[in-house]
Every structure is written in C-alpha cells, then in structure tokens.
Amino acid sequence: MSENKLMNLSSKKRLYHILVFTIIIISSLPISIQILLYDIDHNADNFYSTIIINSFYYQVFYFFSYSFLFIIDSNLENINKRTILIIFLSFLLLFLLGIFTSAPLKDEIPAMLEFFKSNIMINKSILSSIIFFIIIVLSDNNFNIKNNTYNSFTKLGDIILFSVASEILLAIILFLIIKLLELVESLEFLAFMVFLFFGLMLSVFSEEHGNTLALKLILIFIVYLSTLIPFIFFFVQKRFKTVLSIYISRGLLFLYSFLIFVSFFALLYEPIRPFDNTKSFIIYNVLLILSIITLYFIRADYKAGIITKAMYIIFPIIALLFNILVLGASIYRVIISENKINEISITVLNIIIAVNLVYIIIQNIKSIIKILKNNININDVIIGNNKIYSFIYVYGIYSFIFSFIAPMIMVFLKDK
C-alpha cells in the first residue's frame, strides 16, 4: 500500500474517531440541557417527574445518534445515503408523532394530567424501545429486510447484555457513594467529591445556588456515564465478535421453564393468582415477555447441540400453555377494569405472543417431520428457521399503535 493511501486511511480513521466522539457528546445533549436549565429552586417537586415524562423525546434523539454507529465504518466507506435518510425520517416521524399525540391532550384536558403522566408517556417510553430496536436492526442491514437479521439480533443482544450488566454495576457504585455521603457529614468532603467529578469546587458558586448547580452537574455526569456505556460495548462487540447473548439465552430457557412450572403450581394459592392480584399479573406477564424475547436470541442455527435443539422444541409449547393462562387473566382484567388502556394493550400483546409461539411450534414440527421422513441425523438439522425474525415487525406495529394511536382514543373515550 502506498504512503499516500496509508496517510489517507489514517486521516479517515481520525475523522471517524472525531465523528464518533461528537455523536457521543450530542446524544445526551437534550436531557443535559433540560437538567441544566430546570429551575430546581422553585419547582423541585416536579423535577424528576418532568425528566421521566419527557424521556421519550430524549430516547428518540439518543437512539437516532446511536443508530449512526451501525452505518458508518471506520474507513468512512460504503456509507449508504439512503439508509441515513430513512433513519432521519423515521426518528423525525417518531418525534413529531410524540408531540402531536401527547402535548395537545395535556393542554386541552387538564383534569387528565395524572392519567396522562401515569399511562400515555410512560407506556410510550416503554413500547417505543421496540420501535427503536427495529430501526437499529434495519440500520445494521441498510434497511434490507432480506439480509441476515438474526446476526443483528446477536450483535444487539450482546450490546444490551453488556450494557445492562454495566448499568447495574454503575447503579450499585452510585448507591454506595450516596450511602457514604450520608455517613460523612463533612461539607469539605462533599466539596472534594464534586471537585473530583467535575473539577469544580462548591466554593466557586454562590451559597444560594451552589448546591443546586452541583446537583445538576452530578446528574449530567451520571447521564453521560450511563449513556456512554452502550457506545463502549458497541466497539467491544465489533472488535471481538462476541456471541455471549446466545449462550446466556440458552441458559435462561431452563430458568424460565422452571419459573413457568412454579407459576402454574402457584395457582393453587388463590391470593396470588394473576386474575385479581396485580403484582402477580405483572410478574406473569414479565415472565411471558422475557420468554418470547429469549427465543429470539438463542440462535438454534448456531452451534446448537441436541439439548439446545430439544429445548427449542419443548419450550415454545410450555410458553404457549403459560400464555393461555396469562391471556385469560388479561381478558378478565379488561372486563373488570375502569382504566382499560393498559389491560387492552397487554391483552393484545398476549395474543400476538400466542400467534408467534404457534408459528414457532409449526416450524419446529416441520423440522421434526423432515428429520423422520429423510432419516437425517438431528445434529445435521437446523430446528425451525430464521423466518421468525420477520415477526418482530408485528411487534413494531403493535408498539406504534399503542404508543401513538390508542392513548388518544382512550383519553377521549374516558373524558366522555
């Protein structure tokens, strides 16, 4: 390779690193500005609720920034302008829909403010994560749905796994620091900690606003630290081509199978049945959702042994039986509930999961028939197929409807 080409390649890599650094900085800029400009002194009670309510808009900007990592390589080559345009328009659409389907309701129906806070924006923030996930998966494949989507699932699965583990560790460290600060009452120690994190001393600020500004800076630091983690593990996964999420998911199938059996036996004790016990209802649904998510990451086509293949055949049947129970509880709660938006959304999700599980079971049966008919060694056969990954778009449509359309309908119906 000529010297000019080497210099050109080196310049491109430097430019790439600068670009990535810029993306990291701006990805959390909106929430940082919100924290910095918020008047805590006069409206401290609503500070955290305001951040939570607006979290959807912060997520839109953050994942918009994050998605660029999947379409820009270190040599700044093969950049698909069509993909960039689609990503921009997708996130712009989500942002505008978030404003047009939420803000007018809050302004026109003041009495519905608590309902608005507790249901619409919180549900939107949770369900929209599915939409963000789909956009990033498509970004990784240049929005070609015929590409190997399952590879993107593995890549994102590892990033999510490492990021969640690191976020939990970070939360534990911050908790210990807070407890330490509670034990040490010295103002000098607190000033030292702030100086350590930000290079600023509390004495620089006025006595009236110093602690408030210090608190804001600490929160901004925590935000940037937590949002930096997925960026770090993107490059870790890219460098080492990790597939840890596959093996973790396979192990989780055994755990979830055990928990499902325990959940069935728990029905013998009436007070904790999911029909009337809200906590049990939530636990049962979380277990069901985690079960179907896990099935998307085990990759039955990747170095799967007999035990893994057997579990991939058996587990969907167990999960489907469990889903019938959960669906029955969901329908029952729709009938007795006054605020039906959450119950209806969960019921629809249960139905989608049931259809998804039936589809997986049918594909597995076809694989078994193929083995028996052709007398093929099970070690040489892939159980099921990768068409199940196309089902993720059904979850995307569901999330879109219950993030933007259903809340408006339910609010107006409730008002009448």
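Counting starts with 1 at the first residue shown.
Backbone N, Cα and C atoms are what each Cβ position is placed from, and that goes for glycine too.
Listed features, source TrEMBL:
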| type | residues | note |
| --- | --- | --- |
| TRANSMEM | 15-36 | transmembrane segment |
| TRANSMEM | 56-72 | transmembrane segment |
| TRANSMEM | 84-100 | transmembrane segment |
| TRANSMEM | 120-138 | transmembrane segment |
| TRANSMEM | 159-181 | transmembrane segment |
| TRANSMEM | 187-205 | transmembrane segment |
| TRANSMEM | 217-236 | transmembrane segment |
| TRANSMEM | 248-269 | transmembrane segment |
| TRANSMEM | 281-298 | transmembrane segment |
| TRANSMEM | 310-332 | transmembrane segment |
| TRANSMEM | 344-362 | transmembrane segment |
| TRANSMEM | 392-413 | transmembrane segment |
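Within the chain, the transmembrane segment (159-181) has long-range Cβ neighbours (under 8 A, six or more residues past its boundaries) at 189-190, 193, 222, 225-226, 229-230, 233-234, 236-237, 244-245, 248. Proximity of the transmembrane segment (120-138) to the transmembrane segment (56-72) is established through 3 or more Cβ-Cβ distances under 8 Å for residue pairs spaced 6 or more apart. Sequence-distant neighbours of the transmembrane segment (310-332) (same chain, 6+ residues past either end, Cβ-Cβ under 8 Å): 250, 253-254, 256-257, 260-261, 263-264, 267, 273-275, 281, 284-285, 287-288, 291-292, 295, 298, 300, 304, 343, 346-347, 350-351, 353-354, 357-358, 360-361, 364, 368, 383-384. Long-range contacts of the transmembrane segment (56-72) within the same chain: residues 16, 19-20, 23-24, 26-31, 34, 79-80, 83-84, 87-88, 91, 94-95, 98, 121, 124-125, 128-129, 132, 135-136, 139-140, 142, 227, 230-231, 234, each at least 6 residues beyond the stretch ends and with a Cβ under 8 Å from a Cβ of the stretch.
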